[in-house]
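What follows is a single structure, written as structure tokens, with notes after it.
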Amino acid sequence: MPELPEVNSVMMGLNQLVKGKTIRDVLIDWPRIVGAESPIECEEFVAQLKGQTILEIGRRGKYLIFYLSDLFLISHLRMEGKYCYFSSEKLTNYTRNKHTHVRFILTDGSQLDYEDVRKFGRMEIVAKNQLQEFFEQKQLGPEPIVEEFHLQEFAKKLSKIKRPIKTVLLEQKVVAGLGNIYVDEVLFRARIHPSTFANQLSESEINILHLAIMKVIEEAVAAGGSSIRTYRNSLGEAGKFQQNLKVYGRAGQPCELCGVTIKKIKLGQRGTHFCPNCQPIK
DNA sequence: ACAAATGTTCCTGG
DNA sequence: CCCAGGAACATTTG
């Protein structure tokens, strides 16, 4: 899926397409996506959304937030979730995609589909006053932007964790929004081996890592994310950042900095790419 | 046939 | 409490 930059791109697309529109009905083809175990629970979900106007679409980490009139709808795309919009004109020869699981029928005759090949994505309704709680409960870390991502805090947390830095960054607790692609890219930029224990990082390495995280995410956001496999934003556009990837998906190819072959290992169940020369083991 | 794929969460060990 | 590893979720692709 979408990591922070891709989710951000989806958010911007949705704001263009459905901001201000009102939900007439919701059709659910795979109840688990909305956290429902039964048709009755689906009905309850739908009933809460009927008549709600989409005031704005926001984002926190990799979570999309639909700010509705009376409540919030939180949507996580996980690996392959997508939104696809159909104007009323386009709907005349609409055929439901095989992987469409939730359909939002809007009062202007248009429709917003949630598609997800692997059905890993999730949606949840949250009361307006429980948004803070929702993210606190997930222990979601700060956004990787200078206003919220404080170096001292970051350093303090890392000093207490005796695990590979890659798995720490994937957990979303120390900082939000990084996934497998951007963690590998960030560690390359910071010249840190992914297996380095967080509590083994020097002050200067933490400094560099802190900046690398914000820089990589900022650049990827500006590029509209990366299109790996099937990713498209809600306007159907691909991202452009994949051209800037230095290690992810480049195993066997020469490092752009030193020419040494990029290696791929398994770390925390995830494919992990790095340059053995630029990111030596300590 | 098998492994791997942008993620999160839960469980079982030590 | 900390950490590692694996499984589950479900499907497609090489």
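Using the three backbone atoms N, Cα and C, a Cβ is placed for every residue, glycine included.
Keep in mind it's a predicted model, so treat the numbers as computed, not measured.
Around A:PRO2 (active site, schiff-base intermediate with DNA), a 10 Å sphere centred on its CB holds 27 further CB atoms from the protein chains shown. Per TrEMBL, the feature active site, schiff-base intermediate with DNA maps to A:PRO2.
Residues annotated as domain 'Formamidopyrimidine-DNA glycosylase catalytic' in TrEMBL: A:2-121. Note: the domain 'Formamidopyrimidine-DNA glycosylase catalytic' (A:2-121) comprises 34 helix, 46 strand, 40 coil (DSSP; helix = H, G, I, strand = E, B).
According to TrEMBL, the active site, proton donor annotation covers A:GLU3 (among others).
Other Cβ atoms within 10 Å of the Cβ of A:LYS62 (active site, proton donor), summed over all protein chains shown, number 22. Residues annotated as active site, proton donor in TrEMBL: A:LYS62 (among others).
The local packing around A:HIS99 (DNA binding site), expressed as other Cβ atoms within 10 Å of its Cβ over all shown chains, amounts to 18. Taken from TrEMBL, the feature DNA binding site covers A:HIS99, A:ARG118.
Among the features that TrEMBL reports, domain 'FPG-type' is placed at A:246-280. Non-local neighbours of the domain 'FPG-type' (A:246-280) in the same chain are 164, 166-167, 170, 180-181, 184-185, 187-189, 191-195, 228; each lies 6+ residues outside the stretch with a CB under 8 Å from one of its CB atoms.
Positions annotated as active site, proton donor by TrEMBL: A:ARG270 (among others). A simple way to gauge crowding: the CB of A:ARG270 (active site, proton donor) has 15 other CB atoms within 10 angstroms, across all the protein chains here.
Here the candidates are the recorded positions A:PRO2, A:HIS99, A:ARG270. The one whose C-alpha lies nearest to that of A:LYS62 (active site, proton donor) is A:PRO2.
The Cβ of A:GLU3 (active site, proton donor) lies under 8 Å from the Cβ of A:LYS62, A:GLY177, A:LEU178, A:GLY179, A:ASN180, A:ILE181, A:TYR182, A:ALA220, A:GLY225, each on the same chain and at least six residues away in sequence. Between the alpha carbons (Cα) of A:ARG118 (DNA binding site) and A:PRO2 (active site, schiff-base intermediate with DNA) lies a span of roughly 13 Å.
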